[in-house]
Structure formats: structure tokens, C-alpha cells
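Let me begin by presenting the structure, written as C-alpha cells, before commenting on it.
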Amino acid sequence: MSPARGGTPEEEGGGADVEKAAAETGGRGTWRHAAFHVATTIATPAAYAPLPFALASLGWPLGVCSLVTGTLVTWCSSLVVASLWQWNGDKHTSYKLLAKSIFGPWGYWYVSFFQQVASIGNNIAIQIAAGSSLKAVYKHYHTTDDGAMTLQQFIILFGAFELLLSQLPDIHSLRWVNAACTASTIGFAGTAIGVTIYDGHRIDRKEVDYSLQGSAASKIFRAFNALGTIAFSFGDAMLPEIQSSVREPVRMNMYKGVSTAYSIIVMSYWTLAFSGYWAFGTGVQPYILSSLTFPRWTIVMANLFAVIQITGCFQIYCRPTFAQFEQRIQAKDAGYRARMWRLVYTSAYMVVITLISAAMPFFGDFVSVCGAVGFTPLDFVLPALAFLKAGKLPENPGLRHAVKVITSAVAVLFSIVGALACIGAVRAIALDVKTYKFFHDM
């Protein structure tokens, strides 16, 4: 579509030249860097922490089935997106441009909308989680209520630090930050799992209840909410952006990076989800660290790992929003003026995210609504539709038909799941707004 007919932003104001230059330059990262980025993007403490609560809302059979299905579908979807990165011979440096090349302008705007919802919703949720973890560490040393810092103050401190990191120019410049974040992911998972099992053995097992609580309506809405939480836990709306930072052979390096990241995710997600639900039953908290009690020093360590990991994840997810400004600024300004403009729009972004996080610190609710509205369309539905339209289908007619049926079923099923999860999440937010005041110190 030409600019005269009203194209997408990349086609206007020189943005296309910026994207083209990025594609021609090529990436410098190895498959290990890709694994760091993917693991950092998906396996955040905000993704781990609510999984036991999601299982408690679904029960053992449906909870285990949902978690395993989510893992397999998103792993396959990630490989599909990686395989389509250069499907028509052109390199697509963003998810928006990949969707536009397959579906036309509506694909571009579809991804633009849901990617912004996913990115902003994710960063609100993980900033609340980071503030909660910082507060937990603080309370370990400051045991009195007199003059104690509030959750909102820790959210602001975290936001200020992220503003500094936001001045780094691109995802590749975050590679060592994300390497530390990946190590922290493993540290968080190992510590949280160990303490969960330890606490589970200390609890009188006869007092642990696994039955679903409440009326039939509340059980149904909690189940809807849990589906959104599981979708959030596998959210990764940034694969083409990550792939554009990887060196040749790009596809093979990305396949290896995605599979390595998912091996970490499977070992840690499943173990923490199952052990957390086993240990605390339906009494488990939405943020698993809030359920842990002893030994306290290990809980402090788990919270510190959580903050470090969230630091890198936040940066990856704010990049799509920053790109909306960069595509225009880089075409017009360079050097000092470009850096000043970057400071302006990153500051505005951080103020908005921090204000929302501090005003409504409902971690579990934002996780669910972000998973339902942001990640389900991008990580479950769109890859299936893209594969049907541009993927390499088997030549055998019977196998080809079977692949089409399964892929179509995935797209339809998860569209329904996303709608149901959205209903459950909106209801949960409405109930919490009635229960708590704005800027409540949770």
C-alpha cells in the first residue's frame, strides 16, 4: 500500500528506511543470546508465581491439562513464527511487519493493537510484582510498621531504575542484562521450588484442601481467570524482534534458542506449579512467594532473583512502544537531539506505567487480563492462522488435511479461551476495585 493511499507508519515519515536498514545490517546474536532473550521474555517471576493459584482455581485434572497444553501449543507456535521470519524472501524485523506481509494492512494493525496491550499490560503486572518483591525484602530487615515504606514507593523506585535502562538503544544491547536475568530465572525457580517443597512438608497435610471453593458461578469465573493466567505465563509477543538480533543461519539459531528456552521453562514452570498447589492447596496465594514462610533468608533470595529477572523482561516488553517513536525520530533527528527525544518519551512511558501500577496493584487481575486480551491473540491464535496462510504444509493430501484441521481447531479453541478468560479477569478487577481503595498498600 502506498503512502498516498494511507499506509502503515513504517511506510510514512522515513520509517520504512529505518526498518530496511535494520534488516540489511543483520543480527549479531548467537542462539545462546536468543535463548537468553526468549527465556527472559517468557519465564518471568510474574509468569511463574501465579501458576499454583491458577491450578488451584482449576483443580488437578483440568489444571494439569491446561498447563501442558499451553506449553506444547506455544512452543510449536514459537517455532512457526520463527520459520516464517523470511517466508517470502524478505526479512521482517518486527511482528507487525511479519503479519503485514502475510495478511496485509489488517495484520499490521491487529498485531500493533494486541502487542501494545500485551506489552503495557505485562509491564504493569511485572512492575507490581517487582514492587512486591522489593517490599518483601525490605520487611525482612525493617520489622516495625513505624515509618515503613509502602508498596507504591517501591514501585516508583523500580520505575526510576527502568527509566535508566530504557536509554539503551536496542534489544541486542541488553544481551548481558538478559544473560543475568536468565541465570536469575533459574535461581528464582530453584529457590522457590525448594522452599515450597520444604514448607509443604512442614504443613500438616491433613489440613491442606484441594477442593474448589465457592458457589458454582464463582468457580466458573475463577476458572476463566485461571485460563488467562496460564496464557500470560507463556506470553511472548516479541519473537520476530528477537530474531532480527540473531546472526545467520537465523532460523536454525532461533529454533535452537527457542527450544533451549522452553526446556528451562518446562522444568521450572511445571515443577513450581505442581509443587505449589501440592504444598498449599486452594489456600495458595496469587503470588506464590506470599505463601512461603520459612526459612526467611531463602525467601529474601527468591525475591531478589525475581527483581533481577523482571528488570530485563520489562525492557524487552517496552521496546514495541518505544519503536513507535523511534521510527519517526530516527528519520528526522540524530545524535544529541535523538537522545533527548528518547529521554522524553521513555520518561512519559514510565510515568504512565508506574502510576497505573501504584494506583491499582492487583497483580493477579492484571496478569489474567493481559494474558486473555494481549497474549492469547498473538501467541495462540495468530501463529495458527499465519501457518495456514503462509506455512509450508505437507504434500501428502491426508496429512495436509489433518494439519489444517488441527491448526484451525487451535485458532478457534484459543479464541474462545481468550474471550472466557477476559470475562473472568474483568470481573475480578471489578470486585477488587470495590474492595480496595486506589493506591492501596497491599
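Heads up, the Cβ atoms here are built off N, Cα and C, so glycines get one too.
Database features (TrEMBL):
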REGION    1-23  region 'Disordered'
DOMAIN    28-423  domain 'Amino acid transporter transmembrane'
TRANSMEM  60-85  transmembrane segment
TRANSMEM  106-128  transmembrane segment
TRANSMEM  148-165  transmembrane segment
TRANSMEM  177-200  transmembrane segment
TRANSMEM  260-280  transmembrane segment
TRANSMEM  300-319  transmembrane segment
TRANSMEM  340-360  transmembrane segment
TRANSMEM  366-388  transmembrane segment
TRANSMEM  409-430  transmembrane segment
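Long-range contacts of the transmembrane segment (366-388) within the same chain, counting only residues at least 6 positions beyond its ends with a Cβ under 8 Å from a Cβ of the stretch, are 46, 50, 73-74, 77-78, 80-81, 84, 95, 98-99, 102-103, 110-111, 114-115, 117-119, 121-122, 124-125, 128, 225-237, 286, 360, 404, 407-408, 410-411, 414-415, 417-419, 421-422, 424-426, 428-429.
When Cβ-Cβ distances under 8 Å to the transmembrane segment (300-319) are tallied for each of 60-85, 148-165, 177-200, 260-280, 340-360, the top count falls to 177-200. Count of Cβ pairs under 8 Å against the transmembrane segment (60-85): among 106-128, 148-165, 177-200, 260-280, 340-360, the largest is for 260-280. Counting Cβ pairs under 8 Å that are 6 or more residues apart, the transmembrane segment (340-360) and the transmembrane segment (106-128) reach 3 or more and are in contact. Scored on C-beta pairs under 8 angstroms, the neighbour of the transmembrane segment (260-280) with the top count among 106-128, 148-165, 177-200 is 177-200. Same-chain residues lying 6+ beyond the ends of the transmembrane segment (106-128) with a Cβ under 8 Å from its Cβ atoms: 8, 44-46, 95-100, 155, 158-159, 162, 232, 235, 237, 310, 313-314, 317-321, 353-354, 356-357, 361-363, 366-367, 369-370, 373-375, 377-378, 382. Beyond the transmembrane segment (177-200), the same-chain residues lying 6 or more positions past its ends with a Cβ under 8 Å from any Cβ of the stretch are 33, 35-37, 39-40, 43-45, 48-49, 52, 165, 264, 267-268, 271-272, 275-276, 278-280, 288-289, 291-295, 298-299, 301-302, 305-306, 308-309, 311-313, 315-316.
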